[in-house]
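Report on the following structure.
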Amino acid sequence: MAERTPWSLSGALRGVFAKKTIDADTWDDLEDSLIQADFGPDITDAIVAELRAKVSRYNTTDPKDLHRMLREGIEERLAKLDPTLNLSARPAVVLVVGVNGVGKTTTIGKFAKFLRVHDRSVLIGAADTFRAAAVEQLATWAERAGADIVKPQAQGQDPASVAFQTVERAVSTGTEIVIIDTAGRLQTKGGLMDELTKIRRVIEKQTPISEVLLVLDATTGQNGLAQAEAFIEHAGVTGLVLTKLDGSAKGGFVLAVQEKTGIPIKLVGQGEGINDLTGFTPHVFAQKLVG
Ligand code: GDP
């Protein structure tokens, strides 16, 4: 994980945990910090209530105990969902969905590189066929990552036919992982969801889909989640990718997004570079979040 962690609570909580004893202010300060970090009121209340009960059960007044309990509590909540990517099928088909601007293209480039580093062969399908610039950008990322790409033959070609051809090529060449980019025009939500349904249907005629990854911009926090609801309702999302965590002060969003959607975070982007993508490890995240 990148070293820069603007989303860490450790600065805000330093005063709380440096005190000699837990007092009434401790709980107010803790609550304020959790709200500031975008945990949202419900999760904040639940965490504070759990910690109050625990502190009383263990009969401690030591802020260091509270610090440890907070870290363990967050880790436990994050670990309720399994962050493992399901990529064992051959080919493993990964559909990537999300609103334009969240970092979808960049994520596909980084993910392709991540897989190439692990010696997997990768074929990318450019099924966002409407934006010629998007196709070219994706082709540039594919080249950098050392992955092949199937591009539309003409601008606006049926996205489902590009997806079909991509999977067909992967099957005939024995490529291990297929990553399909999709459109993210939110203005035409109904049309977009129909398009995604069709893409899924034509792929599934050839092979099951292993993962549908929804890309979310962590800097928008819980506000951005409303935009993504249509994908969660209609696109069969199996995992979340959080991007731009390197520029986000909203560490609590990471927990909130999992608890609100019930979908595990599987990848995390923390930078614009090709290597700035990692898997999601609850233990490491809780450690960096709480300190
Ligand atoms: P798309 O429209 O969803 O395909 O978005 P792009 O992949 O083109 O990304 C939009 C912008 O976000 C670009 O300027 C990217 O460099 C930037 N970006 C994407 N992921 C990250 C990330 O993890 N961290 C930072 N800081 N910027 C990112």
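Cβ atoms are placed via backbone N, Cα and C, with glycine included.
Bear in mind that TrEMBL entries carry predicted annotations, made automatically and left uncurated.
The GTP binding site annotation in TrEMBL covers 98-105, 181-185, 243-246. According to TrEMBL, the domain 'Signal recognition particle SRP54 helical bundle' annotation covers 1-78. Under the heading domain 'AAA+ ATPase', TrEMBL lists 90-246. The domain 'SRP54-type proteins GTP-binding' annotation in TrEMBL covers 91-291.
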Filtered binding-site residues, from Gly101, Lys104, Arg185, whose Cβ is under 6 Å from an atom of ligand 1: Gly101, Lys104
The domain 'Signal recognition particle SRP54 helical bundle' (1-78): DSSP-derived helix, strand, coil residue counts: 55 helix, 0 strand, 23 coil
Long-range Cβ environment of Gly101 (GTP binding site), under 8 Å and at least 6 residues apart: Gly184, Asp217
Sparsest Cβ surroundings (other CB atoms within 10 Å) among the binding-site residues Lys104, Arg185: Arg185
